[in-house]
Amino acid sequence: MEFLPLFHNLRGSRVLVVGGGEIALRKSRLLADAGAVLRVVAPQIEDQLRELVQGSGGELMLRGYQEADLDGCTLIIAATDDEPLNAQVSSDAKRRCVPVNVVDAPALCSVIFPAIVDRSPLVIAVSSGGDAPVLARLIRAKLETWIPSTYGQLAGLAARFRAQVKGLYPDVQQRRAFWEEVFQGPIADRQLAGQGDEAERLLIEKVNGAPPYAPGEVYLVGAGPGDPDLLTFRALRLMQQADVVLYDRLVAPAILELCRRDAERIYVGKRRADHAVPQDQINQQLVDLAKQGKRVLRLKGGDPFIFGRGGEEIEELAAHGIPFQVVPGITAASGCAAYAGIPLTHRDYAQSVRFITGHLKNGTSDLPWQDLVGPSQTLVFYMGLIGLPIICEQLIKHGRAADTPAALIQQGTTSNQRVFTGTLADLPRMVAEHEVHAPTLVIVGEVVVLREKLKWFEGAQSQV
């Protein structure tokens with residue numbers, strides 16, 4: 001190990017930065033965030049750097065470097081493109097036994113800057129010892145996606161009770177066991193969900209010796225339209241910690257595979273006129289599982305609040321006092337249209353977009369047809385495949401031109417994506433001709449003509 005990782009408390013300490021350009025600015029931002037008082041020396045200094053120095057209560061010296069500039073400084077940064085000058089600064093600092101960092105010159109450094117994941121007070125540093133800084137940054141980027149921003153709040157919560165817990169448990173092993181329970185249980189879950197007051201209440205109960213009562217929790221998570229890369233960071237984290245998963249037909253297998261391996265999986269999918277599990281039973285199942293203390297993942301295709309009946313499910317949870325979180329997903333209209341190269345709005349073609357359920361009830365579709373035939377709007381029909389002949393007939397009957405551009409997107413955003421474009425009048429024929437099946441999204445509007453120019457993702461097959 002060439003460099004020993006240490007964390008330096010710079011608050012109120014004077015730090016010398018030699019250089020006034022972009023590199024000096026980047027380093028100075030980090031130093032200012034850590035509370036350092038900046039002394040910047042350079043013949044020319046960028047305006048943003050000037051403001052940063054003034055904000056830190058530091059000083060600007062518009063001239064060349066002098067060794068006396070090191071006086072009173074606890075850390076030295078050389079950030080110029082003048083190699084002899086950088087070497088001189090390094091030599092002067094080392095002679096005085098003051099830590100020095102020379103940007104992009106590890107051999108001249110006694111300290112180096114790592115790539116940082118900041119979840120203050122939790123801070124993670126990644127370093128390659130200056131050998132491969134790009135690799136360190138890539139690893140940091142991965143950590144940024146894995147560690148929620150709320151981890152800092154969790155660390156802050158623990159800090160407020162640290163002294164009290166130390167008094168209760170003088171033995172280090174007991175303290176470790178206490179905090180492991182906190183960080184792996186319902187207290188951490190509440191804090192990470194943004195429910196800080198509830199997390200603090202549970203921690204107070206635990207500190208006072210009462211076993212904190214916390215029922216399980218339900219995570220209502222939107223799985224997006226199919227491509228796993230479209231999941232949010234929060235969705236992935238909750239998928240990895242759930243004890244049981246209730247999922248529907250629209251959740252792609254590749255997404256389901258990202259759930260915790262040992263989690264129980266329960267299929268509650270619904271097809272038209274064939275509800276594998278009635279909605280009221282799904283609602284009750286969520287309540288029952290949560291009351292058993294389990295972390296329950298309700299995984300829904302698309303977004304749970306857009307034709308997903310997510311509102312009904314959390315109404316039931318709220319009625320029973322079950323904690324829940326809602327994680328939005330990319331809805332099918334947005335995801336599938338983007339992957340098909342069809343912008344839903346465009347100033348030359350459509351100034352509004354409507355998301356419409358095409359699901360028939362008793363063989364009819366009770367929609368405000370007159371509103372749907374207005375100009376400069378895009379219509380997106382969910383679950384519209386079965387009722388497509390009626391939808392097309394009614395739109396044309398109420399004034400939408402039969403030659404209005406239209407598209408069918410089957411299994412959008414996945415490797416099996418198929419896109420077929422034509423006209424409003426053509427859609428029913430296209431379904432039969434190409435054996436289109438659910439899940440398929442229907443888009444009607446002038447924006448469809450842009451697909452030929454804007455398409456970028458091709459799945460199994462597409463046809464115009």
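Here the Cβ of each residue, glycine as well, is placed from N, Cα and C on the backbone.
Some features that Swiss-Prot has for this protein:
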{"type": "ACT_SITE", "residues": "Asp248", "note": "active site, proton acceptor"}
{"type": "ACT_SITE", "residues": "Lys270", "note": "active site, proton donor"}
{"type": "BINDING", "residues": "Glu22, Ile23, Pro43, Gln44", "note": "NAD(+) binding site"}
{"type": "REGION", "residues": "1-203", "note": "region 'Precorrin-2 dehydrogenase /sirohydrochlorin ferrochelatase'"}
{"type": "REGION", "residues": "216-464", "note": "region 'Uroporphyrinogen-III C-methyltransferase'"}
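Features per Swiss-Prot, on structure.
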residue : record              : contacts (Cβ under 8 Å, 6+ apart)
Glu22   : NAD(+) binding site : Glu46
Ile23   : NAD(+) binding site : Ala79, Thr80, Val103
Pro43   : NAD(+) binding site : Gly20, Leu62, Arg63, Gly64
Gln44   : NAD(+) binding site : Gly20, Leu62
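Its Cβ taken as reference, Asp248 (active site, proton acceptor) is surrounded by 21 other Cβ atoms within 10 Å in the chains shown.
Per-residue confidence over the region 'Precorrin-2 dehydrogenase /sirohydrochlorin ferrochelatase' (1-203) averages 93 (mean pLDDT, predicted model). The record gives Glu22, Ile23, Pro43, Gln44 for NAD(+). Within 8 Å of the mean position of their Cβ atoms, the other Cβ atoms in that chain belong to Gly19, Gly20, Gly21, Ala24, Ala42, Ile45, Glu46, Leu49, Ala79, Thr80. Residues Glu22, Ile23, Pro43, Gln44 are recorded as binding NAD(+); their most distant pair of Cα atoms lies 15 Å apart.
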